[in-house]
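Read through the structure below, which is laid out as structure tokens, and then see the notes.
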Amino acid sequence: MYVLNRKGEEEDISFDQILKRIQRLSYGLHKLGEYPACVTQGVINGMYSSIKTCELDELAAQTCAYMATTHPDFSILAARITTDNLHKNTSDDVAEVAEALYTYKDGRGRPASLISKEVYDFILLHKVRLNKEIDYTTHFNYDYFGFKTLERSYLLRINNKIIERPQHLLMRVSIGIHIDDIDKALETYHLMSQKYFTHATPTLFNSGTPRPQMSSCFLLSMKADSIEGIFETLKQCALISKTAGGIGVAVQDIRGQNSYIRGTNGISNGLVPMLRVFNDTARYVDQGGGKRKGSYAVYIEPWHSDIFEFLDLRKNHGKEELRARDLFYAVWVPDLFMKRVKENKNWTLMCPNECPGLSETWGEEFEKLYTKYEEENMGKKTVLAQDLWFAILQSQIETGVPIYLYKDSCNAKPIKNLGTIKCSNLCCEIIEYTSPDEVAVCNLASIALCKFVDLEKKEFNFKKLYEITKIITRNLDKIIERNYYPVKEAKTSNTRHRPIGIGVQGLADTFMLLRYLYESDAAKELNKRIYETMYYAALEMSVDWLQSGPYESYQGSPGSQGILQFDMWNAKVDNKYWDWDELKLKIAKTGLRNLLLLAPMPTASTSQILGNNESFEPYTSNIYYRRVLSGEFFVVNPHLLKDLFDRGLWDEDMKQQLIAHNGSIQYISEIPDDLKELYKTVWEIKQKNIIDMAADRGYFIDQSQSLNIYIQKPTFAKLSSMHFYGWEKGLKTGAYYLRTQAATDAIKFTVDTHVAKNAVKLKNADGVQITREVSRETIQLNQRYSKCVSFKSNNDEQCLMCSG
């Protein structure tokens, strides 16, 4: 049997040569022992005559990836093998890579540069220093699935062949941001290379390219309630989606069904047919040749006369002509609606064509205008507020949406001097002003919190977090200048207000590394201190980075009046950790460069690249699947796997039990209680505590946060209790998605039948006990709002705060 080397020559297969290579790449890994020989044997077993050496490498990587449930270091070894293979097929000269990307021609011989001329010129000018600074050894710190994510979507290709290495990508991104400052470019490169933070996906996609559209989020309100206005807005959405932007669009100003059209003496068809056109546009414009589908979130206020039809648009049943399932839906909820639901009062549906101004007002002004229209009998229909409430909840239970945000909180706490904010973005963490002349924009980056844990001292390094946050603040501000804007209204808004959005990933990993239980007082205190540090650092940098005065719309803003985010929450923040009094004096003296700063977002792709748990969320499971082109792989929570491995508890039987219990360890008798407490999944953590932690960090988040809600078996009572609790806590985002678990488990073909049956038996037996262990506080919450759910619910339910 022989292999074909990269020159196409035949070579005899050498077991020893394969083994030596795997052993060479196993440096620094934790107690792999005899496993390299097992990997080598697995590779030999999967080989065939005339296999290419690059295919042999991929086979070795896949073998290691399958063994990752034996020990987490196998995922790193798999990535190292894949990386080593990439190194053999790509250049280690930065200028040579830039040359290939810049001089690329398409199939017809036309110039089709993949990087911009100024980036190319910059690299040629500084090639000696760049080649000296770039560190390819950091490639070997990615795990297999992080590397595969980069390989699949992020690294630039020519004729479907990967040209970039991950370090080339990070260098391209850094240069694209700091084209005028090599020192700052290299500083950013090294920090990203060391995985302290990452810029958002659109920045990784497009920085340094001929059209560097690096912004993640775009918010629009309709140009006008007319054919011209609707299709101008649709064109804006298409152009934004084309360049990888996620979209939030407010449609509450579009007239409802059967509303009179004065210009044609006709009758409106309402929102549904219009949204089907937006739906098809989202499907068609897929962000650059299939990178990812266009994504739009459509916002509406609950007084709109088409609200019931709106809530059905994503459902799986019903007439197809009344469905638009590729859009995401959101409700922009005024406090008055929540009050009416709580008091079981009527709610009037209105058409914006006949009752103008509702979307332009909030708080007391909105309530006065709304009740005035009611008194004048201007509404289209009157319903019980609770009937609409339960329609919203039913849609959330069936589809996970609508996304749920509180209009008055969103307008009261970030900015008040520009006008009424009408919507958020796709992921509901951006709170910015929009108008027909302004498309709101936000550039994002996320900090990998687990990198700030000192494992020896079991301490969190707040000083380093402060330093990194300041660097990210400067980077995101520079992107505003360097960015390519797909529509002129976006540039107008972004240069006028200069908002940015800094988020996090790996908060759950941080707690686990510090041995903090997610619901513990220590975790709650750390949660607050992290965001206080980030907010302080970002504000301070926004003061220090002033170059030509504050941002254009600064005068009249809360910041110009000495009011910061925590002041709007009426929260008392002392100078124990940071000198807020001094910072307020600096702001009063010089102003701020940026309107908004913090916006914890979902980090689905980038956290997978860096190998962290997503955003600020708990782990949803301790075992899950990862899919790549070569197949499906089990991945175990690496912290849990290391603990079980160190205690001699990890073996094939433990793996089988973990799969049988859907990633929960609460019912596995061999696992000690301290680990059961530390490795609770989100389904085993009280939602009340998750909401409390969201409110605690909310004092320091001037935009909002993508807060998912997790309920195993959602019901009206549980959802009502959760929504009202979050509303009363003052959250801006009440719920991004409602996440639920399937009513029945999928058949686990890989699990021993006896293990699976025993898992079900244990869970059912323990379920009785869990149900009884409802806190008094939770019962009181449920009783407090029983009035608004009692006539709809026939079940004796426990509150969702227990996640029972």
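Here the Cβ of each residue, glycine as well, is placed from N, Cα and C on the backbone.
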Bond partner of CYS217 - disulfide, per Swiss-Prot - picked from CYS428, CYS442, CYS450: CYS442
Per Swiss-Prot, member of SER207, SER216, SER221, SER226 binding GDP alongside ASN425, GLU429, THR603, ALA604, SER605, THR606: SER216
Among ARG255, ARG262, the one of these binding-site residues whose Cβ has the fewest neighbouring Cβ atoms within 10 Å: ARG262
For SER216 (GDP binding site), the one of GLN17, ASP57, SER226, GLY263, TYR736 that lies nearest, given that the recorded positions are compared by Cα: TYR736
Candidates CYS217, LYS242, GLY263, THR603, ALA604 (recorded positions) - the one closest to ASP57 (ATP binding site) by CA: ALA604
Residue among the recorded positions ILE13, ILE227, CYS442 whose Cβ has the most other Cβ atoms within 10 Å: CYS442
Candidates GLN17, ARG262, THR603, ALA604 (binding-site residues) - the one closest to CYS442 (site 'Important for hydrogen atom transfer') by CA: THR603
Local Cβ density at ASN425 (GDP binding site) - other Cβ atoms counted within 10 Å: 33
Between ASN425 (GDP binding site) and ARG255 (dTTP binding site): CA-CA distance (Å): 22
Cα-nearest neighbour of ARG262 (dTTP binding site) within the listed recorded positions, PHE15, GLN17, CYS427, ALA604: CYS427
